[in-house]
Amino acid sequence: VFKRFVEIGRVAFISFGPHAGKLVAIVDVIDQNRALVDGPCSGVRRQAMPFKCMQLTDFVLKFPHSARQKCVRLAWEKENINEKWAATRWAKKIEAREKKAKMTDFDRYKVMKAKKMRNRIIKHEMKKLQKMSSKKGKKPEKSEKPEKSEKAQKSEKVQKAPKAQK
Amino acid sequence: MAGEKAAGEKKAGEKKPAKKKTDEKKPAEQKASQKEVGEKKKKIKKHHASRNPVLARGIGRYSRSAMYARKALYKRKYTAPETKIEKKKKEKPRATITKPVGGDKNGGSRVVKIRKMPRYYPTEDVPRKLLSHGKKPFCQHKRRLRASITPGTVLILLTGRHRGKRVVFLKQLATGLLLVTGPLVINRVPLRRAHQKFVIATSTKVDITGVKIPKHLTDAYFKKKRLRKPKHQEGEIFDTEKEKYEITEQRKSDQKAVDSQILARIKKVPQLRGYLRSTFCLSNGVYPHKLVF
């Protein structure tokens with residue numbers, strides 16, 4: 001039922017407060033509501049932090065409880081948490097949200113054009129397959145699979161184009 | 001007694017003016033002699049002392065008419081010669097004019113004054129103005145420009161017939177209005193003025209360094225022209241004002257001159273041309289206060 005637990009070494013994401021958006025490692029538990037927390041590689045000083053503002057991630061580091069900052073840093077860099085984090089979908093979603101909020105009017109226009117083009121391509125392929133299936137009644141199963149693969153290909157192309165321009 | 005006193009006073013009185021006059025005479029004579037040396041043939045006017053001895057201060061011995069005789073004013077009557085101009089001047093400007101009057105029983109004409117007396121006299125020449133401080137006329141106002149608007153910025157027009165169109169900003173004019181162009185080929189917005197307040201400045205900028213904008217594009221160039229002829233033609237008051245705006249050749253040539261420079265730079269940026277062709281609109285879920293322009 002629960003997969004992520006509060007434990008020594010658990011890396012957490014701070015959701016609100018002055019350090020919102022940063023990663024920290026739980027060094028020790030103070031009481032029911034607070035933990036001693038440290039983020040040497042993310043610019044968070046060693047401090048007490050309530051659990052409420054932390055969201056647990058999948059990463060766990062190995063260091064003993066109340067270890068000093070140097071140890072936490074070593075463990076962090078050994079596991080390469082920063083890169084692993086950037087590769088997660090969670091971090092990517094956050095980044096996409098930020099980019100969308102920063103979009104200027106010109107960017108919005110470019111995205112609109114890209115979306116339009118992509119949808120056209122998809123529709124085009126769909127129509128082609130529909131035609132084929134209508135011609136020969138035995139092809140509805142096969143038509144589904146190539147659709148999805150084509151969609152994935154085109155969406156990748158289109159996503160890369162506007163974001164590269166940004 | 002009065003006579004003796006008068007005589008006595010007369011003597012005393014005589015001396016004083018005589019003395020004064022002699023004093024005055026001397027410098028006058030000196031001056032006169034000096035003048036003689038400088039200018040040879042000018043008549044020296046020797047001013048006579050007062051021919052009216054003083055009895056008491058303010059009271060002279062002789063009456064007005066006696067003085068007239070003593071000063072020989074009957075001889076000294078000067079009039080300026082009548083010149084041709086004076087003769088011409090005798091033709092005074094017409095004070096009245098006769099105008100014909102219609103109607104049977106009114107007699108044919110009336111005599112009307114050309115220059116009439118004023119109908120109203122204001123009791124003060126200039127009405128007193130209440131003391132005010134720092135109220136300047138429009139021409140002296142400070143013109144401000146938002147920091148987000150720089151030459152080459154793409155603006156979104158919000159009002160007017162070109163609302164929603166994206167347009168390139170060129171410069172701010174003397175009255176504070178912004179000079180803006182479509183360019184015409186892209187979105188049918190000519191060289192035009194736009195008001196700063198009714199415009200959204202986007203962060204997209206076209207590089208306009210080196211674009212030369214002709215100097216005759218000022219506010220007077222763009223101002224709407226209105227014909228005002230005071231001849232009252234009751235039926236056609238509204239027709240005399242220009243109904244249709246006609247594009248002059250000068251405007252076309254100016255448009256070409258500016259646009260050709262700008263189009264070259266627009267082509268360099270990918271998709272910018274299409275962007276300027278499109279219009280801005282809001283749709284569901286789009287909130288202007290949340291948009292970054």
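Positions of Cβ are set from backbone N, Cα and C atoms, glycine also.
Residues or ranges marked as compositional bias 'Basic and acidic residues' in TrEMBL: B:1-39.
Sequence annotations record features per position, and here TrEMBL assigns region 'Disordered' to B:1-58 (among others).
Taken from TrEMBL, the feature compositional bias 'Basic residues' covers B:40-50.
If you take every residue in the domain 'Large ribosomal subunit protein uL6 N-terminal' (B:41-100) and average the pLDDT, you get 86. Annotation comment: TrEMBL describes B:41-100 as domain 'Large ribosomal subunit protein uL6 N-terminal'.
The annotation region 'Disordered' is assigned in TrEMBL to B:84-109 (among others). Sequence-distant contacts of the region 'Disordered' (B:84-109), counting only residues of its own chain at least 6 positions beyond either end whose CB sits under 8 Å from a CB of the stretch, comprise 115.
With helix defined as DSSP H, G or I and strand as E or B, the region 'Disordered' (B:84-109) counts 9 helix, 6 strand, 11 coil.
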